Amino acid sequence: MGGEKFGFLIWILSIPCLIFLCYGYVPVDNYLINCGSSTNVTVTSRVFISDNLASNFLTSPNEILAASNRNSNSDIYQTARIFTGISKYRFSVARGRHWIRLHFNPFQYQNFQMVSAKFSVSSETHVLLSDFTVSSRVMKEYSLNVATDHLELTFTPSGDSFAFLNALEVVSVPDTLFSGDPSFAGSPGKFQGLSWQALETVYRVNMGGPRVTPSNDTLSRIWEPDSEFLVEKNLVKSVSKIASVDYVPGFATEETAPRTVYGTCTEMNSADNPSSNFNVTWDFDVDPGFQYFLRFHFCDIVSKALNQLYFNLYVDSMDVVENLDLSSYLSNTLSGAYAMDFVTGSAKLTKRIRVSIGRSSVHTDYPTAILNGLEIMKMNNSKSQLSIGTFLPSGSSSTTKKNVGMIIGLTIGSLLALVVLGGFFVLYKKRGRDQDGNSKTWIPLSSNGTTSSSNGTTLASIASNSSYRIPLVAVKEATNSFDENRAIGVGGFGKVYKGELHDGTKVAVKRANPKSQQGLAEFRTEIEMLSQFRHRHLVSLIGYCDENNEMILVYEYMENGTLKSHLYGSGLLSLSWKQRLEICIGSARGLHYLHTGDAKPVIHRDVKSANILLDENLMAKVADFGLSKTGPEIDQTHVSTAVKGSFGYLDPEYFRRQQLTEKSDVYSFGVVMFEVLCARPVIDPTLTREMVNLAEWAMKWQKKGQLEHIIDPSLRGKIRPDSLRKFGETGEKCLADYGVDRPSMGDVLWNLEYALQLQEAVVDGDPEDSTNMIGELPLRFNDYNHGDTSVNFSVAKEGRFDEEESSVDDSSGVSMSKVFSQLIKSEGR
């Protein structure tokens with residue numbers, strides 16, 4: 001009986017293969033299961049077999065089949081299988097890519113209310129869903145590259161909850177569908193290793209056309225219309241010429257996208273006003289913290305001849321392709337189907353991907369642009385996750401794997417023991433050398449300063465001095481056990497509390513949130529950086545605590561909070577223009593000090609108004625060094641590193657090239673300058689499209705010479721024109737597209753001092769002289785590190801904790817303005 005049942009199953013599974021023959025692609029594996037059902041169901045010519053026939057694929061501690069949702073318009077959503085314990089599906093498959101489609105439609109069955117179900121789904125290599133809940137019908141589609149002869153899917157209920165599934169698809173994917181190395185969106189280079197990435201389909205969109213159902217797609221995909229994603233629907237028109245589509249050999253095929261997608265498009269509606277200059281934009285909400293694979297589908301169905309369509313393609317306002325001529329890609333074929341692949345990491349910093357098309361600025365005879373289709377797929381992170389949550393897979397429980405592991409362990413156990421013993425010996429010798437050499441290697445610390453700890457986070461011996469360590473009991477006493485009434489802020493690292501130490505010192509206590517994406521690396525960097533610095537314009541670190549796996553940083557308390565809170569959103573009194581200039585000058589001094597250290601320069605990497613704090617006298621201090629990076633070696637121009645920072649302040653060149661320099665801080669500081677001037681957020685999605693990004697908005701008015709039109713209303717009529725002009729010119733230079741064109745922080749500092757002097761009094765000579773740009777400054781003032789040492793003493797060595805030098809500037813508090821007044825007046829020399 002069992003043989004007959006299995007033979008029938010094979011026959012059933014062969015039916016879809018016969019159907020696919022008429023489309024050209026025959027999947028090697030094609031498992032379609034109607035979970036919870038005792039009968040087969042045909043959906044759009046595909047047969048989903050009953051749960052009874054699929055029982056050979058499932059290992060589950062309980063057999064609960066639910067069937068009560070008779071209101072569903074699709075048979076596969078009328079039943080479900082409920083898992084009350086860890087359950088596994090195991091399929092024999094050919095190696096290669098496979099679609100995994102999980103169908104969910106919650107309903108109530110007996111005591112099981114499926115909307116309250118919470119569970120995780122994982123393969124042997126990737127986490128697909130973590131702590132997943134579902135309130136309405138949804139289909140989750142994944143593409144996994146299977147490297148073995150089987151695929152295992154595990155359903156794990158969270159806590160006392162349960163899991164459920166309405167239908168399951170495991171179907172082969174053509175090997176050529178995801179191949180090659182896609183380009184990075186907006187930056188040079190290519191992403192290598194796409195073939196082994198796990199992908200989750202987030203959006204699959206048919207631009208300008210209707211919804212495409214599985215019956216009209218050779219790979220049974222669903223394509224949604226683009227209308228709900230368009231930002232301005234009145235700027236476009238839909239075009240449909242399905243019969244014109246030409247699949248050119250060697251390029252896109254019907255497996256890439258169906259004819260219905262390539263035969264329709266969304267086109268710029270520029271016919272009424274061909275001279276108008278606008279972009280067509282689509283916005284897509286995504287999960288932050290991941291890279292995304294983007295596939296653009298193009299087919300020129302709007303031109304009457306070759307070389308009549310040139311346009312630009314943008315992703316998150318970055319140029320991806322300029323002057324795109326589709327016919328040049330397709331061997332001079334009109335209406336040829338073509339796909340372009342990119343990888344973007346911009347979603348790591350935001351919850352949205354913005355895609356735009358716009359007319360070419362070079363080929364203006366044909367002012368239009370098109371897009372036929374778009375696919376957006378989430379890529380697994382470094383932890384092989386496609387969903388971030390608390391779930392951690394325990395690994396395969398296969399008996400075979402355990403046996404193999406045991407055999408290997410017994411075989412090489414003695415060898416490993418020798419290696420471990422040898423390793424201990426090497427570490428012991430190295431530790432002795434490091435201690436003799438006063439190394440900064442990070443090692444565990446105990447509360448008494450020794451190098452062993454059972455409960456401490458792995459940290460470093462900070463400059464061989466444990467005086468920075470503060471006991472947890474002292475921190476709790478200072479904050480009244482982290483009383484929420486003492487909370488004064490919250491950030492990416494965790495909450496900040498106001499506290500007071502035994503000696504009466506007021507402190508700000510930053511306590512890490514265990515769920516924060518910032519962790520040990522940022523904690524370590526903050527301590528390492530701030531323990532080296534002593535400067536009046538950098539926030540001082542008082543100590544840290546790492547007991548009981550806590551990560552706590554204790555700083556000097558800044559009475560007036562963040563610069564951001566004094567600009568907008570808090571209802572505080574408005575700052576005067578002089579106060580704002582002095583705050584900018586103080587911040588610039590702090591950054592200049594970081595960039596021009598005695599050893600390697602330090603790049604802050606997260607300059608923003610929220611990281612500039614103000615003391616009781618409104619003196620500015622730069623804070624938050626968790627993302628800071630030591631600058632390049634003397635013979636190098638940059639540091640290659642993963643992009644980190646805050647959206648809106650991020651240097652676009654750093655984002656494109658992933659090459660960090662001091663000029664990245666200069667760009668961010670330029671954004672802060674315009675934020676100070678305009679008193680508005682750097683990104684404000686509530687405003688019109690052209691005003692959303694402050695840097696772009698301010699640069700537009702600065703280049704017009706009309707910056708006064710967008711300044712903080714409370715400052716109108718209170719800023720001298722020449723002071724505003726110098727401030728605007730300086731900010732404009734900071735926001736140059738390329739770092740080489742930006743000034744150093746020393747140049748910025750000099751010009752800000754100049755702007756302050758222009759505000760306070762008219763300098764000798766013609767005030768129009770103040771219009772000179774940064775690049776036109778006398779050579780003497782272009783770089784504080786190379787000028788006349790008799791002039792530069794208060795800047796070039798500003799603030800390093802050196803007894804002889806600190807008396808000159810840092811400790812004495814000599815105003816830069818006094819020195820500056822000698823620089824700009826001829827009689828001062």
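Cβ atoms are placed via backbone N, Cα and C, with glycine included.
In Swiss-Prot, the annotation N-linked glycosylation site falls on Asn40, out of Asn40, Asn560, Asn792. Between Asn216, Asn448, the residue that has N-linked glycosylation site written against it in Swiss-Prot is Asn216. For the residues Asn380, Asn465, Swiss-Prot attaches the annotation N-linked glycosylation site to Asn380, which does not rule out the feature elsewhere.
Nearest in space to Asn380 (N-linked glycosylation site), taking C-alpha to C-alpha distance over the recorded positions Asn216, Val490, Asp606, is Asp606. Taking the glycosylation sites Asn40, Asn380 in turn, the residue surrounded by the fewest other Cβ atoms inside 10 Å of its Cβ turns out to be Asn40.
The highest number of surrounding Cβ atoms within 10 Å, among the glycosylation sites Asn216, Asn279, is found at Asn279. Asn216 (N-linked glycosylation site) carries a helical DSSP state (H, G or I). Nearest neighbour of Ile488 (ATP binding site) by Cα distance, taken over the recorded positions Asn40, Asn216, Asn279, Asp606: Asp606. Across the domain 'Protein kinase' (482-755), the model assigns an average pLDDT of 86. The shortest Cα-Cα distance between Asn279 (N-linked glycosylation site) and any of the recorded positions Val490, Gly494, Val496, Asp606 is the one to Asp606.
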